[in-house]
């Protein structure tokens, strides 16, 4: 999720679970629920970058605000996963593992998202959690360990990748982390370097004042760091030119639709915001007053359930959520954060994600069955998210103000 997003975690992880003996529907459900907390920082933080752009709020502030919500949300999924796999018996057996899994993931994701930026939050959280859990398993094991009789995983030791391939894999991941961190961190001037700026002013009948819109052209934005990190990993992986060419062609064929969708969705969102539609809706929604805290994550959930994209949902509803916060006096960072996290909760039932997720299983063109199985769990987590939002508003609203 942290590197690619767009449902690919399902497509990659589900076959692994199926190979070691999980029933297909259970494997898909486990993968979907496990992929809740990372979504807001998926595809190297793209949803957060878009949310910052449409709300006009500082990127690090938005990243930190969302991290505060996700940190509490991430406490729940490990328990849900244990229950899905083995009901209450599973929860009793692995509760120390569930606690450590959530806390170690939160430690990595929250610190990266709050103090450096959204780009590597998922990756740092996942790697730290992976290392901690691997170490924990060396000193602790559940009392009851059940083998899965349906396992299709190869038993031949010769099937395993050699150490050179494993080393190349980890070195490439480390290279991405180093390049992106150095490029996008608060200490780097690259993401703030502007070559040209276009601006336009107009009188707003809604605010009865002059409002300004500006566009800053910066070729060294975060996405460029991904291109540079890719160039760095090429010699590490030792890929042949023909292999690189095939990978580029195959990737373009897979992504061209998503690229066009992203361009048009962001364009639509800007029209939605600059035309005043977002603020007009905000004035109407202001009638809910502080009760909007309850509705805020539901907007995100519906948006992602329909569009399949956290990024698109943030683009369409981000400015609206921020505008409602301004009009009602709610913390300016809380409602956009709830919108983003509400969107990630809907991922297990989003059509676009389902299509990509089931592509490596026998549930192709049976996405409805998977969605129905995932729906009760997404509703449960959505209710939990609403409670998180209300508690934050009542106890610590000041932490969501710049």
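Backbone N, Cα and C atoms are what each Cβ position is placed from, and that goes for glycine too.
As recorded in TrEMBL:
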type: TRANSMEM; residues: 6-27; note: transmembrane segment
type: TRANSMEM; residues: 39-60; note: transmembrane segment
type: TRANSMEM; residues: 66-85; note: transmembrane segment
type: TRANSMEM; residues: 97-117; note: transmembrane segment
type: TRANSMEM; residues: 123-140; note: transmembrane segment
type: TRANSMEM; residues: 169-190; note: transmembrane segment
type: TRANSMEM; residues: 210-234; note: transmembrane segment
type: TRANSMEM; residues: 255-274; note: transmembrane segment
type: TRANSMEM; residues: 286-306; note: transmembrane segment
type: TRANSMEM; residues: 375-395; note: transmembrane segment
Task: Considering only the recorded stretches 66-85, 97-117, 123-140, 169-190, 286-306, state which has the highest number of Cβ pairs under 8 Å to the transmembrane segment (210-234).
output: 169-190
Task: Flag the pair the transmembrane segment (286-306) / the transmembrane segment (375-395) as in contact if three or more Cβ pairs fall under 8 Å (sequence separation 6 or more).
output: yes
Interface-richest range of 6-27, 39-60, 97-117, 123-140 toward the transmembrane segment (255-274), CB pairs under 8 Å: 39-60
Task: Give residue numbers and ranges for long-range contacts of the transmembrane segment (97-117): same chain, 6 or more residues beyond its ends, CB-CB under 8 A.
output: 37-38, 41, 45, 48, 59-60, 63-64, 66-68, 70-71, 74-79, 81-82, 91, 124-129, 132-133, 136, 140, 142, 181, 184-186, 222
Long-range environment of the transmembrane segment (6-27) - Cβ separation under 8 angstroms, sequence gap at least 6: 34-35, 38, 42-43, 84-85, 147-153, 258, 308-309, 352-363, 369-370, 373
